[in-house]
Each structure stands twice: as structure tokens, then as C-alpha cells.
Amino acid sequence: RESDHRAWTPVTYTVTRQNATIQGLIQGKAYFFRIAAENIIGMGPFTETTKEILIRDPITVPDRPEDLEVKAVTKNSVTLTWNPPKYNGGSDITMYVLESRLIGKDKFHKVTKEKMLDRKFTVEGLKEGDTYEYRVSACNIVGQGKPSFCTKPITCKDEIAPPTLDLDFRDKLIVRVGEAFSLTGRYSGKPAPKVTWLKDDIVVKEDDRTKIKTTPTTLCLGILKSVREDTGKYCVTVENSTGSRKGFCQVNVVDRPSPPVGPVIFDEVFKDHMVVSWKPPLDDGGSEITNYIIEKKDTHKDVWMPVTSATVKTTCKIPKLLEGREYQVRIYAENLYGISDPLISDEMKAKDRFRVPDAPEQPVIKDVTKDSAVVVWNKPYDGGKPITNYIVEKKETMATRWVRVTKDPIFPGTKFKVPDLLEGCQYEFRVSAENEIGVGDPSPPSKPIFARDPITKPSPPVNPEAVDKTKNSVDLSWQPPRHDGNGKIIGYLIEYQKVGDEEWKQANLTADSCPETNYKVTGLTEGLTYKFRVKAVNAAGESDPAHVPDPVEVKDRLEPPELILDANMAREQHVKAGDTLRLSAVIKGVPFPKVTWKKEDHEVSPKADIEVTGVGSKLEIRNTLHEDGGMYSLTVENPAGSKTVSVKVVVLDKPGPPRNLNISDVRSDSCYITWMEPEDDGGSVITNYVVERKDVASAQWVAISSSSKKRSHMAKYLMEGTQYLFRVAAENQYGRGPYVETLKPIKAIDPLHPPGPPKNLHHVDVDKTEVSLVWNRPDRDGGAEITGYLVEYQEDGADEWTKFQTVPMLDCVVTGL
């Protein structure tokens, strides 16, 4: 009977042995048993088991654990996981024992701590480069079971995979103030990358509103109750030792604008209207101001009246005012997201408040000549209306009538050169200002002046020097005198003296024969040494002489060429395709050297503009192409020697097309695409390849990979039986190069193989000249329907098989034997 029941159930009455097997018991239940002996007279008393017996299988050690896997490997640790045994031996698992063996050694050593029940363990403290294998055993109350199957040998080294980044957000995001937003995505990489969030190049830190959540595979930046200050360029960087990836999003948190900036300025006030102006809001709410709403209010009333709501200017005319009443103006700014708080003006009374300008202060007279003088004055108060004109008048000191010096307007300058004065006469001048109200009072008269030229002798010329020489001449150069004596410099007198003589000789007889600041002194004797001096001449006379500092020996001068390189002639010059290449250098040498430009020891391209001046040379190529890159050299040469400099020019452009596009491993839903890098990378590292496919019946190309750095791609999700074209292009930082396309379409079907051999070939009938054969279908059809069976026969002892015929069914009668 069951231990919780009272009724006894008979098992058998026919046992003659002293033991019995009882069937049909329920595992986990407890039972009592009793037995009685029986003879021909009857049944004797029962004997009962003293305690209940729990039905369960006998307990053994557990089976071996399942699915021992390596989850992660670094240079000094290995992480393993496993599943429990299929059978625990009838008793709960009490612990797992993980063992390792160094490859090359015989024994396994225990690596887990006591009583470990987790099915994941990281073995640490390993030596980089060592190779181990692992096994795990389960223990129950009986003991330790068999170990699992060993792992493959594992070498301790860091797993490396460059970071990947898959973002759920676009380049731009617009959010209303007060709303929450989040930027999410997924990433991967080994070792585990570090995730950094930046806003406008500043690291984002968590606070009450800003939450950053990063899991081993996902990343999220969330902002609650956004404010305008959350606007900015957000950047997430995923970086490990192998590289980094970045994602960007320009977040614009928009709101209604802040109020216009005051104060409200009353630019014009009249008895029936006013013109007011203001400044735009400091914050337009992230969306440009669409219009301003202007209202007016008589201060004696409580009602605001609309003026306009359709202006985008920051000025407005307030019409229909009553003279003498005081008014206030309020202004709202509006954008797509709402209307700002108002800017309210001070009170202003409607009345005319403008007058003619005040009289200017006494004018000052400068730069007087025999027929002109310059009158200078300060701007007076404009009477509330802008000054539109100044009136300048003159009179001779002894006369009484003032005369305007010109009928033309004089504005906005506050000085005027008065022409047509009579030489030797004494004059006074005065100035009046005019606005739209009228002409104001005139200024006090200026101090009297006489119309005449104030001329004195000039100062000496500056820095005379000998700049060149030959065997019979010397070239002199100097700068004009610092003071011309208020008269025009007519020219210069040049004198020379042989060293040892006392007499100075004139190189030119009159000053006007040398109006410029240089002169060639000729007729000198080769080998002698001379001194030189220069005088400036104006209408008042000659200046003191200026001496050339050192005596000059007359002989031909030779200077070897010298090149002074500009910044664009550094060792390497990078130019973006389409931009202009400029190479230039300053050149010195006597005589002036011959200039030669070359590219790779050949003539430069005809499209290059080459300019040679007396001081240097310049090479310019507009709209550069990639082939304009190369080694450019500049050579300068004269009888004293030569000099050459070279510069490497790299024209950066989009890459060329990839090479050797190949399609292989075609299946019904996929194919494998490979290619080689372009011959020309455009002078910049290829960052990625773009792979596209096209159904031949469609005009649209579809991108299947746009960020791959590998030169191969598995094209998945093809439609069986559809014909496809594929194309690949390379990209670098200057753009995407041309595509290379498959020459013919690829049909998405599984490859065909020959069918297997027919099975169970045997004869069912034999005649003297024919045999009836039957057979079964082969196990495999090779991926296509079987179209027939080829029957051949061979005479016993012969080498060759003879073809009989191809039949469609599973039987054939071979005749003609």
C-alpha cells in the first residue's frame, strides 16, 4: 500500500519462491509491503515492512557535462562555459571540477575553487603564448563523474576585432523644448571598446536629465525634458586598441523665441505717427524669426490695438496717433514654434520734436596753397533729424558778403578742399548744417589765412646705395626725402668723386633729367674706386647731399644663382583635385639666371602657366588632375653657377575602379563577391568599398554594403532564379571612385551535380537473345530532375562497354544479344 493510503493492494498469490519483483510502482512515492505464507489449510499471518520504502532509481555518479565551450580568450585568461550532464546520477549536482593541461605535459590539473556550482569560469594568471586544453566533471553525493570531452588547444592571446557601430539615429534631429530624446545604437569589437559621448567636442556627463547607458553590445544617450542648451553636435566614439568609429547627430532643440531685445527706440516721433526700432531676440528658439507682431496702446486705455503682424524688419511705423496722447508699443517675435513674451516700450507722447541742426564750432583751415585750402569742422547736434548736407562759405577778410564755395552737396565728410582762391588774398570760412527741417545757423568764422604756397628746401634723399655695377658704370638707388618742403620734388642731382680727388663731378646737369629714385652713372674707368652722393631738388632749391656709405670699385659683378623658396615649395605639396597648384620661389643672381621648370626630367604640361619676373618665378596649374602629380624641379643657371630644387606634388583625388571583380560560390540565395584594390588610390588611403546589386529587370541599383574595408562580400538574400548584376566602387576621404561592374548577369541557382548511381539493378527475365532489367532510383538527383537512364552491356571477358539506349523509366529490355 502507498504510505498515505490505508488500503492494501494484492500484488500476486502465486509466488513459490522467497522473493518477488513488484511492477507498476510510481517513482517518488513511498510504499509499505506485507507478505503471508499459504498452504492447503489456509493463509497465515502477514509480516509487514517496518518502515516505508521510497521508490527511486539507484544513485550513481553523474554523466559527463555537455557543450564545454570557450567564450573569450585574452593574453592571460580563458573564459569557459558548459551545460549540465544529461543525467545527474539520481542525485543533485553538488559541484563542478574544471581541469587544464598545458600542451606538452601529461597531467591535468584542477583549476576551479571548491564547491563551484556556476557553469561559467574564467581561468586567470595564464602566460601569454601558452597553449592549454580543458575538461570539466560533475560531482554529486556519490562522487565525481566522467570528465567532458576536451576543448581544442587554446593559445593565450588577445582577441582583436576593430570596432563596429550601427546607429539608430540620423544626421539631424529636431526636438521641441521639454520633450525627451535618445540616441541609441549597437556596437562591437575586441577587446571591448570604450564608448565616449561628446557634445560640441566636450565630454557629456550624467546628471538629473542626462542618462548614459552602455551594455556590452548597445549604447544609449537619453536626455529628459530637453532645454535649448541641449542643442549641439553630438558625437559617439567607439574605440579599442585596433581603431575607432564615430557617429554624429546635430540635435536642434527648438522653442518659441525669447523676447525682442530692448529698449524700443523711437527713431522718429510726429504728432500723428512714430517710427520705432528694436533688436532681434538673443535666442531665436532654434528656428529663424518668421515675423514680428506689433501692438500699440493709448496709456489712458487698457486695450492693445494691433499695428501689424507681417513684418520681418526690426523697425515699424506706428500710424493713426492722436496728437498730445501718450502711447506704449509692445512687440512679439514669432517663429514656427510659437510667439515670444512681449517687449514693452516706455511711454512716448505724439508730437513733433525735430528742429534744424545747431551751428558747428569754429572750423580749422589746413593745407593752404596759392589757390586752395582745406576746411575742417566737427559735426554739430543734428536737431533730431539726420544731417543731409553741409554748406561751406568763404569771404575775403575786408569784404562783407559770404559766398558758397560749391553748389554740390557736401556729405557725409566733415572737411572740404576749397578751390579757386586768388594767390596772395586773405580769406575767412564758415560752415552751416542742413537736415530735412531746414538749414541751421552758420559757425563762427575761421581764423584768416593767406592763399600762398609755403615751400622750403627738401630734406636729403634717404638711404642712397650702389645696387649694381659693370666695368664702366654704377647703378644707384635711393628713397625720396622725408620732407619735400611743401613743394613738388622736381628731380635729383647725382655727383661722383674719384677717391683721392677733392673735386665732385656732376653725373647729370639738371634735376629734371632724373625724376625717379635711381640713376646709372656711366663713363667711369674700370678698376678705379669712386664715391657718390645725391641731392633732392624742389622749387625752393637743392637739399643737402646724401652720401653712398662706402666707395665703389668699378668692375663687372658676378653672383651665383640663389633660390629663396616660398612655403609652397616644401618637400611635398598636397593639392586637392580641381584646385590650383602654385609653386613659386624668389630668385637672385648676377646676371639674372636662366629659369627652367621640369616634371620628372621632362617638359611640364602645356596647361601650366609659367611666369618669370626680375625677382622670381611662379608655376601655376588650374583645375589639377590626378596625373598632374609628380616630382617638379626648378633650375636656375648663370655663368657663376646653377641651383636646382625639387618638390613632390601629390594631387589628391577619388580612387580608381577596383580590379578583378569576380563572382563565385553562386547559390539559390547567395553568392561570394571578391575584387582587388584599385591601381590608383587617389593619393589617400581607401577607407571603404561600396557594393551594389541590380536585378537585370530593374533600373535601380541597391546598396548591399557601404562600409566594408574587406575586398570581399557575401551577397545574401537573393531570389532564386533571378538574374543579378553586381558592381563595386572604392571610397577615400575625397569621394567615391568609378564603379566596376560584372560583365554578365549571374543567375541565383544552386550548382548542379551528376546524379548518384541507380540502385538494385537485376534481371527479371532472360531469353536467348534478350534480357529484361529493372532497377531503383538513385539516392541523390544532383539538384535537378533525372531525365533518363543510360543502359550499357559488356560481353563477359571484354574490356569495352557497348551503349544500348537511354530510357526514361526504371526498366529496359536489352535485345540483339
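These residue numbers are counts, starting from 1, taken along the chain as shown.
Positions of Cβ are set from backbone N, Cα and C atoms, glycine also.
Under the heading domain 'Fibronectin type-III', TrEMBL lists 1-58 (among others).
The domain 'Fibronectin type-III' feature in TrEMBL is assigned to 64-159 (among others).
The feature domain 'Ig-like' is assigned by TrEMBL to 163-252 (among others).
Residues or ranges marked as domain 'Fibronectin type-III' by TrEMBL: 259-353 (among others).
The domain 'Fibronectin type-III' annotation in TrEMBL covers 359-454 (among others).
The feature domain 'Fibronectin type-III' is assigned by TrEMBL to 460-557 (among others).
Under the heading domain 'Ig-like', TrEMBL lists 561-646 (among others).
Annotated domain 'Fibronectin type-III' per TrEMBL: 657-751 (among others), in sequence order. In terms of DSSP helix, strand and coil, the domain 'Fibronectin type-III' (657-751) has 0 helix, 47 strand, 48 coil.
The feature domain 'Fibronectin type-III' is assigned by TrEMBL to 757-817 (among others).
The annotation region 'Disordered' is assigned in TrEMBL to 455-481.
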Practice prompt. Mind looking up the mean pLDDT for the domain 'Fibronectin type-III' (64-159) in the predicted model?
Written response: 87
Worksheet item: For the region 'Disordered' (455-481), what are the same-chain contacts with Cβ under 8 Å, counting residues 6+ beyond its ends?
Response: 487, 489, 492, 494, 517-526, 530, 532-549, 552, 554-557, 590
Worksheet item: Thinking of Cβ pairs under 8 Å, which stretch from 1-58, 64-159, 163-252, 359-454, 657-751 has the most of them with the domain 'Fibronectin type-III' (259-353)?
Response: 163-252
Worksheet item: According to DSSP, how is the domain 'Ig-like' (561-646) divided among helix, strand and coil residues?
Response: 6 helix, 53 strand, 27 coil
Discussion item. Is it possible to list how many residues within the domain 'Fibronectin type-III' (359-454) are helical, extended or coil according to DSSP?
Written reply: 0 helix, 34 strand, 62 coil
Worksheet item: Counting by DSSP, what is the helix, strand and coil composition of the domain 'Ig-like' (163-252)?
Response: 3 helix, 58 strand, 29 coil
